[in-house]
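Enquirer: The structure is given below, and queries will be raised subsequently.
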Amino acid sequence: MAAVSFSQLLNGERAVVTLFIVIVLFSLPLSLLLHGVALSLLALFALSVEVRVETSTSLSQFKTRAGASSGLLLGAVTLPTFMLSKLIQQSRAFSLNQVHPGELNYLALQYWAAFGSCFTVLMVLCLLTLDNTRSRSCQAWNVKFGLVCFVIGAALLFLYSTTGLHAIWKLLWVFFHGFAAVKLVQHLLNTFPSCVSFGEALLVTVGLVLYFGDMLAYTIEKLYGYMTSSELVFMQYGFRRSEIGIIIQGLLLGLLLYLVVLKYLLCGWDGFSRSTYSGARICSEKGKSLIFFASLGFLIVVIIPSWMQFVQDFDIHPLLWVVRFVFMEPVKRLSLCLYWVCVIYLSVLRFYNISKNSKIERILLRKYYHLMAVLMFLPAVILQPKFLDLAFGAALAVFLTLEIIRVWRIWPLGQLVHEFMNAFTDHRDSDLLIVSHFSLLLGCALPIWMSSGYNDRPLAPFAGILSLGIGDTMASMVGHKYGVLRWSKTGKKTIEGTAAGITSVLAACSVLLPHLASTGYFLTEHWISLLLAVTVSGLLEAYTAQLDNAFIPLVFYSLLCL
């Protein structure tokens with residue numbers, strides 16, 4: 001890193017990420033000073049590793065997405081900064097006696113788990129690139145810098161673990177997350193080559209590890225409560241979960257775990273069918289289809305609801321609870337479902353025909369789906385937020401099921417789904433894995449999910465819809481049609497497009513805020529901080545080569561929470 005020039009160190013994406021981190025750090029209360037020091041260390045270490053990875057050939061065994069930078073700095077700091085922003089918000093709530101101390105403590109534990117996961121992955125990448133340095137002195141400097149970062153990081157974790165009870169449990173919990181993140185990043189890059197960058201892989205895997213860890217902690221807390229009255233580290237934090245949250249978590253993580261089982265089921269069937277149905281390929285495909293749909297049905301009807309019942313004590317079967325929830329307000333919720341079906345049908349039919357017969361650039365065509373997301377989700381956030389939470393979970397489960405069918409070519413839908421989905425892919429997708437629709441839906445859903453409970457920033461739930469549905473769409477359309485001045489010589493993003501994106505989001509906020517005030521929200525947003533949040537997220541869209549659907553909503557949400 002010592003031999004790297006300043007121009008290599010400072011590019012547009014890194015400058016915007018640095019500004020993002022600085023804004024969050026300046027908003028920290030003194031009670032979160034240790035967390036801020038940890039984030040600063042993580043950012044410095046991530047920058048060091050990112051520069052080393054991009055100038056090294058030691059990681060050639062990992063094939064990342066073509067045309068994208070490593071993105072390690074952005075990927076490493078996004079989730080920890082996101083969680084630190086939530087901690088700042090919850091600290092305000094705690095000072096007003098609006099949240100239980102256990103909620104604040106558990107969120108802090110999650111922050112340190114995210115920090116430990118990202119830090120561990122960076123440490124492994126640092127070790128893998130040590131043998132490819134340009135000189136012996138540079139190698140010695142890299143070793144010293146990595147060792148210093150490791151010692152300081154370990155010291156910060158130790159200081160955190162000694163605050164309160166159960167220090168050993170906290171350290172083990174963070175270590176578990178770090179180990180799982182390393183294994184999952186390695187598995188993702190090997191299983192889906194050329195599909196993601198290092199930064200995207202880090203964001204996805206750390207997010208999954210945190211979500212799985214949360215599920216495991218809740219299950220252990222319930223199981224341990226049945227076995228003994230003693231306290232674990234988790235029990236002092238007082239878990240509070242809604243039925244909708246449990247249903248979404250069980251459904252999504254159940255489907256992801258199902259992939260592991262399905263792989264062995266289908267491999268076993270392939271071996272059996274080769275010896276039994278030699279030459280009869282259609283019989284083999286029908287048998288594979290039967291195994292898939294039977295096992296999927298058993299999972300959704302029996303296994304996942306059994307876990308939900310265990311941890312939440314539903315008074316009826318969780319699937320029946322969903323039906324009852326929908327019919328609590330049948331006119332509003334069924335009307336909303338009908339509205340969604342009409343919008344999806346008309347939009348997909350129209351844009352699918354255009355994609356087949358038009359020369360419009362596919363990346364521009366897909367922005368119409370961002371506008372469709374605004375039409376679908378914006379009224380629901382205002383009128384039926386809880387129902388929208390559940391609908392997001394159901395939609396993600398459907399997308400995940402369709403992707404499984406597409407990847408494994410499950411008869412008779414596999415090839416049809418593959419051909420249909422290919423009509424909406426761009427350079428960031430591949431035949432192996434199509435992620436854009438997941439990232440768009442998650443980008444809209446996460447700010448809404450994270451705003452459940454205490455939320456003193458009324459615009460925060462709209463972060464994904466505003467940044468992706470309006471800002472990103474207007475930036476692409478205006479930049480494509482009117483853009484002349486480019487942000488960089490090699491990039492396609494234009495200053496005109498970015499200005500249009502920022503202006504459109506501010507205009508949408510100016511319309512939303514009075515409406516939210518009229519419905520009883522106490523508005524706490526200041527226009528200067530709002531302008532700063534919109535500008536930073538707009539600049540990130542202009543400069544990043546990463547999957548912006550995944551990063552921009554989290555950055556925008558984090559800044560809105562301050």
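Every residue, even glycine, has its Cβ placed from backbone N, Cα and C.
For reference, TrEMBL lists these features for the protein:
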TRANSMEM  20-47  transmembrane segment
TRANSMEM  68-88  transmembrane segment
TRANSMEM  108-130  transmembrane segment
TRANSMEM  142-161  transmembrane segment
TRANSMEM  167-189  transmembrane segment
TRANSMEM  201-220  transmembrane segment
TRANSMEM  244-269  transmembrane segment
TRANSMEM  330-348  transmembrane segment
TRANSMEM  390-411  transmembrane segment
TRANSMEM  432-450  transmembrane segment
TRANSMEM  462-482  transmembrane segment
TRANSMEM  494-514  transmembrane segment
Enquirer: Does the structure show the transmembrane segment (108-130) and the transmembrane segment (330-348) touching, where I'm treating 3 or more Cβ pairs under 8 angstroms (sequence separation 6 or more) as a contact?
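Expert: Checked: the transmembrane segment (108-130) vs the transmembrane segment (330-348), no contact.
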Enquirer: Report yes or no: does the transmembrane segment (68-88) come within contact of the transmembrane segment (20-47), defined as 3 or more CB pairs under 8 Å with a sequence separation of 6 or more?
Expert: yes
Enquirer: Report, as numbers and ranges, which residues of the same chain sit near the transmembrane segment (432-450): CB under 8 Å and 6 or more residues beyond its ends.
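Expert: Sequence-remote neighbours of the transmembrane segment (432-450) are 86, 192-196, 245, 248, 366, 369-370, 373, 377, 381, 385, 388-389, 392-393, 395-396, 399-400, 403, 406-407, 421-422, 424-426, 460-465, 467-469, 547, 549-550, 552-554, 556-557.
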Enquirer: With pairs fewer than 6 apart in sequence excluded, do the transmembrane segment (390-411) and the transmembrane segment (244-269) have three or more C-beta pairs that lie under 8 Å?
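Expert: Yes, the stretches contact each other.
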Enquirer: Is the transmembrane segment (330-348) packed against any residues at least 6 beyond its ends, judged by a Cβ distance under 8 Å, and which are they?
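Expert: Answer is 368-369, 372, 375-376, 379-380, 383-384, 387, 391.
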